[in-house]
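Marked as domain 'NADP-dependent oxidoreductase' by TrEMBL: 74-311. Residues annotated as active site, proton donor in TrEMBL: 102. Feature annotation from TrEMBL assigns site 'Lowers pKa of active site Tyr' to 127. The substrate binding site feature in TrEMBL is assigned to 158.
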């Protein structure tokens, strides 16, 4: 014969089950209030960003589309910068990287406004320098005013510095206000990211670091990508004073010859196949066009492995 339950016990069991059900409902409802771009402790899975090599774009974790090849404007003076951005846009490029520190945001914006390219087809990245972290709201407004293109597609903190968390919070507010679409970091590595990310609300859409065959960040790149963050490599040709050496490298040169392309194109294609956005700097219209022409060939697994062997841990920028 089965065990007989006491009526009072059955009542308390019923109350307990109802309470647990109510708690579960409340937890489920509260989970729907968080923005998908916020870095909450929700346990949501992130996916590694995937490049669309047909369209030449990637979808950021902010939901916006970013071109994966473009132009860097460091060291380009106003008129030189204007002409370079114009050449990029005429060649079909749509990604432009600038910074308040570069002093050429006005020229970038003017070239965009003077072009026939619709604003929503152009993707502009700019950056706040650490000397601006103490008054980030004013610095953001300064970038908006100098560019004068309505909104900023991507704003990065140029490198770590005192007040960087507060400056990032100001960028988060600018996202909420519709002034900036996506935000991120530059010159942040694993240790810096581990310390920084728990202190912010919006996961960076992009982390931009120095990356080239002699400084490949073989651990850092996948670490960032596994967080659902796009990696953008600057100085893809090795940085100032090192480009000639890299282009003459026997491995790079041999691969370029086999594909009938230049060493520059091999290096840029190597980046793309690692899932790294590229925006090499140039003021030469021919080189700007060449640097965009990297979608018509593919490096083999063996060639990718050969370039991986070139790693020296040789960082050329001071950040």
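A Cβ is built for glycine as well, from the same backbone N, Cα and C atoms used for every other residue.
Whatever TrEMBL says is automated annotation, not expert-curated.
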With every protein chain in view, how many other Cβ atoms are within 10 Å of the Cβ of residue 158 (substrate binding site)? 24
Model confidence over the domain 'NADP-dependent oxidoreductase' (74-311) (mean pLDDT, whole number): 98
